[in-house]
Amino acid sequence: MFGKTDKMDVRCHSDTEAARVSKNAHKESREIKGAEGSLPAAFLKEPQGAFSASGASEDCNKSKSNSSADPDYCRRILVRDAKGSIREIILPKGLDLDRPKRTRTSFTAEQLYRLEMEFQRCQYVVGRERTELARQLNLSETQVKVWFQNRRTKQKKDQGKDSELRSVVSETAATCSVLRLLEQGRLLSPPGLPALLPPCATGALGSALRGPSLPALGAGAAAGSAAAAAAAATAPGPAGAASQHPPAVGGAPGPGPAGPGGLHAGAPTASHGLFSLPVPSLLGSVASRLSSAPLTMAGSLAGNLQELSARYLSSSAFEPYSRTNNKEGAEKKALD
């Protein structure tokens, strides 16, 4: 008798528990359906992979395994994946999925013109100026503030792009100039003069340094000697002796104009013919001085010009090549 009563009690308790579980399940299904109805259609069509498992969902899963009811901060929703099957995911209740997106502010042409003018005047508009500008343009202060922030960001980006482009252009120009200088140095010989004056290069400077050409002086030696002899014959006494003195100073008399003394003997007369001076003794002394040290003067002038050319080439793109060429040329000239 008592055993049957116990069995009946157990059976009643099990039926009561089953009814309670079914009621809870029905209530949960209603909540799920309500949540599904409130979600937008685009959200329901998204696959399950679009939602990553966060720490909150893991906490919700742990709490679900521990207790039959979900905590207050969890939200269970149903999502239809790409295959059409419905899956259940758990998200925090703080995630507001129903909130509409913020609309993008569209400015009119007049508003943009006024905002741009104010930005050119002052990049930071605060306080009363911003309030007055927003009132005049029929905008809120937040819209004006956000527009100025975006405009400053755009200006910084543009400045960065401009500086980068400027650096690229300057580097390209420098490279082109260096290549042009290298090409000029390869096609043209570097400026310079030899150490000795007689085999000097052609040009205005060389002709000025040389003065009368050497063949002309040599050719005029015969005429100079004849004129000197005539002057010695006509001049009486000491004048004839004075007129014969310059050839002796210039050098020993040689056989004809091509001899060693031909150049020095013809030099006073050539100078006399050029400058038309009546004093042959003065011309003879000047010619003797010039003929005594032509190599030293030529060497000093050529050395100075070589130094100037080296300084000029030191600022060019082919500096190493010019320095080596100058050194080799100087060594060869010193050996000669």
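Here the Cβ of each residue, glycine as well, is placed from N, Cα and C on the backbone.
According to Swiss-Prot, the protein carries these features:
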DNA_BIND  100-159  DNA-binding region
COMPBIAS  1-34  compositional bias 'Basic and acidic residues'
COMPBIAS  236-250  compositional bias 'Low complexity'
COMPBIAS  325-336  compositional bias 'Basic and acidic residues'
REGION    1-39  region 'Disordered'
REGION    50-69  region 'Disordered'
REGION    236-267  region 'Disordered'
REGION    316-336  region 'Disordered'
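Helix, strand and coil content of the DNA-binding region (100-159), in residues and according to DSSP, is 42 helix, 0 strand, 18 coil.
The average pLDDT computed over the DNA-binding region (100-159) stands at 88.
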